[in-house]
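Visitor: From TrEMBL, for reference:
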type: ACT_SITE; residues: His164; note: active site
type: ACT_SITE; residues: Glu267; note: active site
Amino acid sequence: MPTPHLETVKMDELDCWRIRHNGAEVLVAQQGAHVFSYQPADAKPVIWPNDKAVFKQGKGIRTGVPVCWPWFGVFERNPQSVKAMRQSDQPAGAHGFARTAIWTLVGVQDNRVELALIAPAGGFPGWPHQVDLNMSLLLDEQLHIRLTSHNRGTDTVTISQALHSYFAVSDVRNVQVEGLDGLDYIDTADGWATKKQSGLLHFTAETDRIYLDTPAQLNIVDKDWQRRIQLTSEGSKSTVIWNPWTERAKAFDDMADDGWQGMLCIETANVLDDAVVLAPGASHTMGVSIANLPV
Ligand SMILES: O=P(O)(O)OC[C@H]1O[C@@H](O)[C@H](O)[C@@H](O)[C@@H]1O
């Protein structure tokens, strides 16, 4: 049963919950187990407040932390081992089906909420595997998000996935990302060319990159807002960094034309060679802890 820390709220068509702890607040939609707001006590929002986001059944929410699973991004760009898991003649939606599935609330304990997406008998439509998902949200001085995939079936299953987090920034042109220096990345906005990061990452154009062998800790340094968003990941060695910039932003009906300026996606991921292989009975947890710290 919900404790006083959890309250139900409705956002247009979607049932959602508000979690509160020591002045901090998180909002999560039942559809997609989708965190769409994280407001630490006495601070600016950490999640991008997109006033054009839509809360409709069957449609992804363009902010917060969409759960990309069991494939990431454009299906055809996934490793063959991930693509082989799907059995369907229908077009495959970008980022998989978990982000628009209806999850179940399975536990509430003080400042922790657990949601689950249990595979039906025979698996999911077009993806016939017995892999259950559990999402744990823990709110203390940070927000801790943990996504566990558990293979209950008898076949080995390979997935790619991401916690596709949209962060609020003062202006993406003025922030930097620490922790990537020297890493190889795939520049998907430049024909999937492999490149090497030199120094801090800053933003001057559309950015859509997959960083490989990423460390457990990355920081968004935002001097104008005098803050650092510290991301500490587990179970992930790849990170997607995305900002649509001017032209691509205009093509989205759920983003203002200038919305790209105030957002930055840093996506804790298991993609490309970092895809997860789940033997029968095996589990894998990918997570991120999000802290709002002074610069
Ligand atoms: O519009 P969607 O499906 O939510 O995807 C948004 C973006 O998600 C990012 O993860 C991808 O790298 C981008 O290529 C993509 O455009």
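Along the chain as shown, residues are numbered 1 onward.
From the backbone N, Cα and C atoms, a Cβ is placed for every residue, glycine too.
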Visitor: Using the alpha carbons only, what distance in Å do you get between His164 (active site) and Glu267 (active site) once rounded?
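Guide: Glu267 (active site) has its Cα 4 Å from the Cα of His164 (active site).
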Visitor: For Glu267 (active site), write down the residues of its own chain that are at least 6 apart in sequence and whose Cβ falls under 8 Å from its Cβ; none is a fine answer.
Guide: Cys68, Ala162, Leu163, His164, Ser165, Thr239, Val240, Ile241, Trp242
Visitor: When a 10 Å sphere is centred on the Cβ of His164 (active site), how many other Cβ atoms does it contain?
Guide: 24
Visitor: Please report the DSSP secondary structure of Glu267 (active site), reduced to three states.
Guide: strand
